[in-house]
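Colleague: According to TrEMBL, the feature domain 'Guanylate kinase-like' maps to 9-187. Annotation comment: TrEMBL describes Gly16, Pro17, Ser18, Gly19, Ala20, Gly21, Lys22, Gly23 as ATP binding site.
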Amino acid sequence: MMSEQTSKGTLFVVTGPSGAGKGTVLGRALPAIDKIHYSISATTRQPRPGEIDGQSYYFVTHDRFRSMIDDGALLEYAEYVGNYYGTPVAAVDSELNAGRDVVLEIEVQGALMVKQKRPDAVLIFIIPPDFSLLEQRLHSRGSEPDDVIARRLEKARSEYQSGDRYDYIVVNDVLDEAVRELTSIIIAQRCKTEKRIDLLR
């Protein structure tokens, strides 16, 4: 009887404009998917209410973040409305080499950097059904002043222009449907021939 060999995991990169609901969709999808690791990003921004260091993000100083860049410790990093975000590379590669899939939830700039460095990464762009919903969602957070929200919206407009560089687009209108779409993408990638070719040998 043939058994599936352990192969290198797949790197999934989930991104989209601020307010698209990336975290909400992922939070609902991941508990139902086995053998997948959620990569925690490092950031210089201040924690939002309810966020926990080491679970939501690694909250670091600007000096510490610059040291991580200089040491080559980040797979990607990006500046976004005055703060830096980045993905520690060691934990990602450890999981991938052990045959586990890894999900990054990162900013668009960083996602495109990952695709450039890791062409086999699967990029997933999450958007709302209508751009005007972004503004509503950002204001409803109540965690940022109007000038920061305005910068986020300006950034989102430019991010939409790079949408054709993604492998998949998930529309977050009805949450359950968006969760199903994201889950289906991950399952489909696991069934690709290159992931299971050893079963035929």
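All positions are counted from 1 along the displayed chain.
Glycine residues also receive a Cβ, built from the backbone N, Cα and C atoms like all the rest.
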Colleague: Return one of helix, strand or coil for Pro17 (ATP binding site), based on DSSP.
Modeller: coil
Colleague: Tell me the coarse DSSP state (helix, strand, coil) of Lys22 (ATP binding site).
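Modeller: Reduced to three states, the DSSP call for Lys22 (ATP binding site) is helix.
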Colleague: Compute the mean position of the Cβ atoms of Gly16, Pro17, Ser18, Gly19, Ala20, Gly21, Lys22, Gly23, which form the recorded ATP site, and then list in sequence order the other residues of that chain whose Cβ is within 8 Å of it.
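Modeller: Close Cβ neighbours, site residues excluded: Ile126, Ile127, Pro128, Leu134, Arg137, Asn172.
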